[in-house]
Amino acid sequence: MTTALQLSGVSKGFSGVQALSDVSIECQAGEVLALMGENGAGKSTLLKVLSGDHQPDTGRIVVGGTPRVFRTPAEAHKAGVRVIYQEPEIIPHVSVAENVYVGALPHRFHWFDRKGLIKRFRADLERFGFSGMLDAEMLGNQLSAAHRQLVEILRALVGEVKIIAFDEPTSSLSGEETDVLFALIERLRQSGVAIIYVSHRMQEIMRIADRVAVLRDGKYVGDRKVREKPGAPATLSEDDVVRMMVGRDLSAMYVRETHEPGHIVLSLDKITNEDVHGVSFDVRAGEIVGLAGLVGAGRTELAQAIFGDTPIQSGRILWDGEGEGKLRELHLRSPRDAIRAGIGLAPEERKTQALLMRRSVRDNTSLAVLEHLRRFRFIRGDEERDLVRKFVSKLRVRTPSLEREVRTLSGGNQQKVVLARWLARRPKLLILDEPTRGVDVGVKAEIYAIIAELAREGIAVLVISSDLPEVIGLSDRIVVMHCGHVTGQLTRAEATEERIMALAMAGYLQQAPEKASKTEQMMEGAQ
Amino acid sequence: MTQSAAEAIHVQDERSLPRRVLDAVGAQNLSLLMALAAVVTIIGVQDPNFFSPSNMLAIGTAVAIAGLLAAVQTVVVILGALDISVGSMTGFTSVICAMVFTATGSASLGVVAALGIGLFCGLINGATIVYGRVNPVIATLATLATFKGLAQLVSGGRAQGYTGGDDFFIFLARGSIAAIPTLIWVLVLIAAALHVLLKYTDIGRNIYAVGGNDVAARLAGIAINKYVVGAYALSGAVAAIAGVLLTARTGSGQPVSGSEGLELESITAAALGGCDLRGGKGAIPSTLLAILLLGVLSNGMTVLGVNPFWQNVAKGALLAIAVIIQQKRSGERAVGLPR
Amino acid sequence: MTQSAAEAIHVQDERSLPRRVLDAVGAQNLSLLMALAAVVTIIGVQDPNFFSPSNMLAIGTAVAIAGLLAAVQTVVVILGALDISVGSMTGFTSVICAMVFTATGSASLGVVAALGIGLFCGLINGATIVYGRVNPVIATLATLATFKGLAQLVSGGRAQGYTGGDDFFIFLARGSIAAIPTLIWVLVLIAAALHVLLKYTDIGRNIYAVGGNDVAARLAGIAINKYVVGAYALSGAVAAIAGVLLTARTGSGQPVSGSEGLELESITAAALGGCDLRGGKGAIPSTLLAILLLGVLSNGMTVLGVNPFWQNVAKGALLAIAVIIQQKRSGERAVGLPR
Amino acid sequence: ACKSGKETPTENAAAAQPQPAKSGKRTIAYIQKQGDQQYFVDQAAGAQAEAAKLGVELKVSNVALDSNLAVSTLETMIAQKVDGIAIVVPDQLIGPQVIDRAKQAGIPLIASDDGILDAQKNAAPFVGFDGTAMGTEVGTKAGQLYKASGWKAAETRIISASKQDLSVCQDRVNGAKKAFLEASGETGIKVIDLGTNNSPTDAQDKTAGVMTANRGVKHWVVWGCNDENVSGVVNALQNGNVDQKDIAGVGLGAYLACKDWKAGKTTGMKAALFIDGKDVGAAAVKVLSEAIQNKTPLPPKTIAKTHMVDSTNWEQAGVKCM
Ligand SMILES: Nc1ncnc2c1ncn2[C@@H]1O[C@H](COP(=O)(O)OP(=O)(O)OP(=O)(O)O)[C@@H](O)[C@H]1O
Ligand SMILES: Nc1ncnc2c1ncn2[C@@H]1O[C@H](COP(=O)(O)OP(=O)(O)OP(=O)(O)O)[C@@H](O)[C@H]1O
Ligand SMILES: [Mg+2]
Ligand SMILES: [Mg+2]
């Protein structure tokens, strides 16, 4: 194997933050190097230095033996270096095909060849194994998070690739697309491409990585071989990696003692709209309900309907926030109504749906609780700061100050700010849509503990997650959806990854039909 | 999943005929056409003279100058910027054209000088924005004042020269080819060229990309700066053509009169034609329809002899109503700011 | 980790003194202050009279009306919108104020009527935008024409009434409290109120949120529509105050004269003061500094007897230079469109 | 199919044919610049009243200061086959175009307020006031006021306020300057040419700057392109604590000057030239209508009367003060 990439002594500081200090990393051709580290450790920054997006303060980049200075992403692109960013950048009113080939559109004398583009797009889709997963003509602003991620990945594959880096590519992908991606990575590896893979998901690392390099606080901690040779089983233990990352042993991921759930807080009665069809289930006080399913199963749509953000066409949302023993129908015209009633929703897309990127951590965290922090409409600054500080340290948001613009935080820390906002609000029902997207293991455990604590305090929690171990480890009960229908419910004892997948793939006819109906009967009895 | 996507593609190819027609025309254009039809009907019923061919041509020539600027403004808006100095550049180039013509007696020298100045002004705009890092609105507001001042300085604030005796300028102002006035030809040709640029060249597609998401464009290696400077240079050049037309129409170089306020009119047309002022969205034909709608409105009210004060009220109200209808059809939810 | 976060927060409180001062003043304001100082020095060196208290007050009163509109425009811009009808509303309310005063002889009735009409105009703007789904630029361009037409209609296009004989209006136009002219007091008080609104109330916080990310704002339970309508109503009310001041200053209700073009001036000031025209960013003090800079420029050039044509050139150039300096200091990367 | 645009009237046969004696209502177009200014509003009103009296249909349009729009509107009116056109051009240099087009279409045209020439420098029929003559009257009055005041030249400044890129404005203030010299016999007074946008607020703000630059000046003579300018300057002087006795302001239009007089205030606005838009509007319609009806040529010049008014006689002169 030859050394495809060598980063030596790379340092990068932003005003007030040393994101990288003296990091040296190598990656061989045909190697998958996993890059790990806590949120804010400097992984994305390192990749941005590699892509020419950031200029390092010190350090050298050597590609295939020749030292290179990339002043722009275009230069890195030309040299065969590709970085797939954590946040996909999509052009809204332009087709998927153009989005993928942006900057490299086929043309003759500037005459743009639309037909050729579509043909080439279809061929490439096929070649990379994504055929049928993307519609060439769809516009950028119509794409779901998963589609956007696919576009971003495809974009990086255009042209000759020598080094490719993925920054948490699977955080918005489902199992199926993830499988295709891994197959693709394997093929790239075999064809001698050097691959850097950033993720917080340990199983993924164990599945595809050959070696793990760890960053902590912007410093290089060290590396470990995951397996002896490509294709061999992993020999490294997860705990070793975690210890390198966090600098200590982690306590158990899921600490969840079972206890009696309380009264029914939310009861859905045949909720139907364009994306969800006749969904009925209950959520009780102190209960954590997981909502599982594949991408596009309609979980997000359901959450938005419960939150009053999309209208429901038929069905009822029944609500008993205070535990008065009487379910009342909620008529929600806006999220505002839902919040007033006691529902909170941390949406799945932090950048577009949750954060005010150019406002401070403080403003972002306190946004939903301002009405509790004001006197005669004046915000009580001290109280606000105390509250924000409390949740910022509880969630370990890495920020030099509360006044820092959220846009300068690392991805995982941005996610924590979203969670902090809703924890500060303390709703009666908290809906979390992919709450741990991009969050590192240490903080994940922390978040699980916080969710468990909320439940203990009697808050009903509905967790939407594509991370099956997370759903299983966290939930008291799991509702599985497929194509807008609930295909089954599983108690914690019943839940296994296989069973959930079976239900998620619409197998409810073959799989445990009696169970699904039993729970439904139970629920009907409860009303 | 795989299936459903394939299905979607399949379904799309089997759109019903009216649906296909609608898609080709575009919802935006359809609304504008409907609004246009409504306005035309209302005015025509009151005064059938409105439909006379000569009046139709009068409308066409009246919108020619504003139409040129609106078309090029569309390009700039799609790129995510705004050129507020177009009117000012038109006045400046109009004066230069007339003065050079008067000094040399050559119409082509006048046109070349205007184009040169226009291009130069556009490059100044682009350079100020890109290399001075000045927000496009402020930069072109600043040059709006600067170019106007320069036009006033070179002309002493007075209209310059007389071009009414030159064949070329007379042909521009009043000639026609195939019974269509030259002015309209100029507008149609330049608008068509810009349309082709936007839709059928990689340059145009890159303009949409830069306006839609500049980070994506930059990461994809598009030389954004070149595009910005280029778009402003284009804007300057087209403004120069508008300036030449202005000189031809008024028979003299006009430093301010006839071009003041064109910036707002061109932006109005672009926005009414469905451009997203944040960039990345828009099309020349819609902008042209919008400018035509504005021209018809203003002509119709003059024809009907509406009191100028009422004209203001009516123009505002009709503008709002046209957009409201347009929007209601899209069935968007009424939350927040519409784009 | 917990420790390091706490540590980090701790560090902030130990910023160096100059750093703390800079943070308090803000980089934006600092640049404007520097530009202001430069301009003041250049002018003052040429004519020391420029520094006379009476000239300082003259500058203050000259910017009062435009300053009011710029301040409220800042609020609208932060919300992510734009109010192009402010000048028109100012003219309309000026006429109404004078006419009601002339008819009733009561200054307070005149003011109340102006405020009522201003509020009403603002509500129309807000409703058109929110419930008609009309893009704010087009909506207020439409009402710009409408309100202007209405002002001309009610006044017949003539300056209305005479307020120079009324103590209240005289006090507004020429009075002073503590040696500071009333006009300046009005500007300062209203700007201060708007500043407090934006910085210290939940309303202001929500305005920033809506402008910063409207989807996020909606999902955080902010009633966006109320904020949009409210901001436009506020804009109408402040425009009414500007209208009253215009009436007082000119001694009569002016339908168009004296208020035309104020929309561009207010937007220029907001943008020069660092507002992001896409929303979510801006501050009243910076806008005020910007309008002061513009006022000083214009006064200074008159003091120096600069020819108006050169004034245009100089104003444009200085505007651009002020922003370029401002931007160079931020050391931003020179790619694409600056915001 | 290709036309050079120079086709002579005879080629445009249909348009050039003398119109058959019209049985229907005659239509006259009045194209005005600055149609939202008080003077032109009055002019339109006068024209409307006259048209109603004569049974003529009148279409008034406002082209602001936009010469391109003026050409467009002219074309629209020609397309409408109106019987006569009166036009106040935004810029006198568009005269040839305007005259040519009307001639090509065979429609009688009269220039109102601002005279225009065709390419051969022949003047079009004209109705209105003469800009230089107006300025002369203003300057003469100012000169008389100055002479009567006994001020010293060194302690006096003249403010001449106008929009400097408007040629009609320049005609007026230049006329005033010349007449002032003649009437006062005083050559040593510095004239400050104040550029404004013709609005009272702008004149006020700019005057503040002038006062700063001219401290120690005791007396002020003021004139300008219109009443807005003069009243703005006078107001600013008074706000700057210049006594009204030390100001000799001569307005042009009298519609703002009269407001002070009506209220019985002593003011620096000592006199104003009253020009009655109504007269001009009515005269334009009248001569056009007669020419159309009798198929006679238009009279080359119809000059309306102006009156110099002051606080004592403005009402008798017919100034209407709103
Ligand atoms: N543009 C910027 N301005 C200021 N600070 C920044 C900027 N970008 C990153 N940082 C800081 O640099 C540090 C490293 O961030 P980086 O995004 O590289 O982390 P990461 O390892 O990718 O974390 P995550 O797992 O959460 O994505 C963080 O403290 C972050 O706040
Ligand atoms: N493959 C696809 N093709 C077309 N549309 C899709 C596809 N996947 C998702 N969508 C869109 O997303 C909607 C439902 O997705 P939603 O985001 O609610 O699902 P989800 O279960 O929350 O998935 P995720 O895991 O991405 O959050 C669909 O109705 C559709 O509009
Ligand atoms: Mg990251
Ligand atoms: Mg989802």
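Just so it is clear, glycine is given a Cβ too, placed from its N, Cα and C backbone atoms.
Straight from TrEMBL, the features:
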type	residues	note
TRANSMEM	C:21-45	transmembrane segment
TRANSMEM	C:57-79	transmembrane segment
TRANSMEM	C:86-103	transmembrane segment
TRANSMEM	C:109-130	transmembrane segment
TRANSMEM	C:137-155	transmembrane segment
TRANSMEM	C:175-198	transmembrane segment
TRANSMEM	C:227-248	transmembrane segment
TRANSMEM	C:288-310	transmembrane segment
Can you tell me which parts of the same chain pack against the transmembrane segment (C:227-248), counting only residues 6+ beyond its ends and a CB-CB cutoff under 8 A?
64-65, 68-69, 71-73, 75-76, 79, 81, 83, 86, 89-98, 101, 110-111, 114-123, 125-127, 129-130, 161, 163, 169-170, 172-173, 183, 186, 190, 194, 203, 206-207, 210, 254, 258-259, 262
For the transmembrane segment (C:86-103), which recorded stretch in the set C:21-45, C:109-130, C:175-198, C:288-310 gives the largest number of Cβ pairs separated by under 8 Å?
C:109-130
Any residues 6+ beyond the ends of the transmembrane segment (C:175-198) with a Cβ under 8 Å from its own?
57, 60-61, 63-65, 67-68, 71-72, 74-75, 78, 204, 207-208, 238, 241, 245, 249, 283-285, 288
Contact between the transmembrane segment (C:288-310) and the transmembrane segment (C:21-45) (3 or more Cβ pairs under 8 Å, separation 6+):
yes
Please report, as numbers and ranges, the same-chain residues at least 6 past the borders of the transmembrane segment (C:109-130) whose CB is under 8 Å from any CB of it.
81, 83, 85, 89, 92-94, 96-98, 100-101, 136, 139-140, 142-143, 147, 163, 225, 228-241, 243-244, 247
